[in-house]
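Going by Swiss-Prot, these are the annotated features:
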ACT_SITE  Asp257  active site, proton acceptor
BINDING   Ser225, Met226, Gly227, Ala228, Gly229, Gly230, Gly256, Asp257  ATP binding site
Amino acid sequence: MTLRIATVSLNSAVDQTVTVPGFTADAVNRVAASRIDAGGKGVNVASFLAHVGHGVAVTGLLGAENAALFARHFAATGLVDACQRLPGATRTNVKIVDPLQDQVTDLNFPGIAAGPADLDAVAATLTELLAQGLDWVALCGSLPAGIGAEAYAELAALARKGGARVALDTSGPALGLALAARPDIVKPNVAELGAHLGRTLTGLESVREAARDLAASGVGLVAVSMGAGGAVLVRGAEAVLAIPPATPIASTVGAGDAMVAGLIHAATLGLDLAETARLATAFSLGALGEIGPHLPPPERLAALARTVTVKTLPPV
């Protein structure tokens, strides 16, 4: 399979999903089920893209102590493993899923310590991958301690120089700095976008205006995820609202990452904005129906896409 996409995962994680019916804080709880998956945003986006037939490489940073879990996952999913190994263990993120109360509690651990030399190694690997003719580079997730907020801005510029389009899914200072590279896709959630713009976003109108402001800064496509409220997508003068149907949630692990993968997949298919919104939302719905960072079969994704309502929004 031809390698066309690379994801960068600087702060990968072991995703532990624990099912605890009736979870109660400050009490003894019994675990009904548990599973462990190789994860982190960049890993998840790569896995989802491979699931729908793309040739994908993952570069970034992993702790050597538990890298075998990731190596097995990469081999099983057909991903190219281009990750650097660092001393120590990749962090664990725990999601406590309570199906009775329809709640998910997140426990996110700090990432492995890294430094400028490690980022240089990732950049060198990305340069080698770009030389193979990448179409897309996805920069995903938070940054570990020791890596400066400018990391994604530098990698985005590198990807641009290498002829690739750039998708960005991060938050905080890393988001603000990377926007200078004018990525082709940016997918913040409502809270992340509001924090970046310095204002609270309440209601569809404020989200639409904020997405338009971000698009006006030079971003090709802005997709703002709003949880059960759907997503607002803005590209140029166009704006749409994707409304998902009410659906049972098995786990929220990877739902946002699935939307990023759906946006990239839609771009490779040349879909218009409405169909892009429909497909990306279907990817997110598919992940919500699975335990752990997984997608259902492609035919199920197609069926989910047909359940998504897309409304055209007036230009700002």
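Glycine too: its Cβ is placed from the backbone N, Cα and C atoms.
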Practice task
Could you measure between Gly227 (ATP binding site) and Asp257 (active site, proton acceptor) for me? Cα positions, answer in whole angstrom.
Solution key: 13
Exercise for the section: Taking the Cβ of Met226 (ATP binding site) as the centre, count every other Cβ atom within 10 Å, in any protein chain shown. Expected result: 18
Practice task
Taking the Cβ of Gly230 (ATP binding site) as the reference point, list residues of the same chain whose Cβ is under 8 angstroms away and which are at least six residues distant in sequence.
Solution key: Leu241, Ala242, Ile243, Pro244, Thr281
Practice task
Determine the Cβ neighbour count for the residue listed as 'active site, proton acceptor': the number of other Cβ atoms within 10 Å of its Cβ.
Solution key: 29
Practice task
For Asp257 (active site, proton acceptor), identify the closest of the binding-site residues Ser225, Met226, Ala228, Gly229, judging by Cα separation.
Solution key: Ser225
Problem - Structural state of Gly230 (ATP binding site), classified by DSSP into three states - result: coil
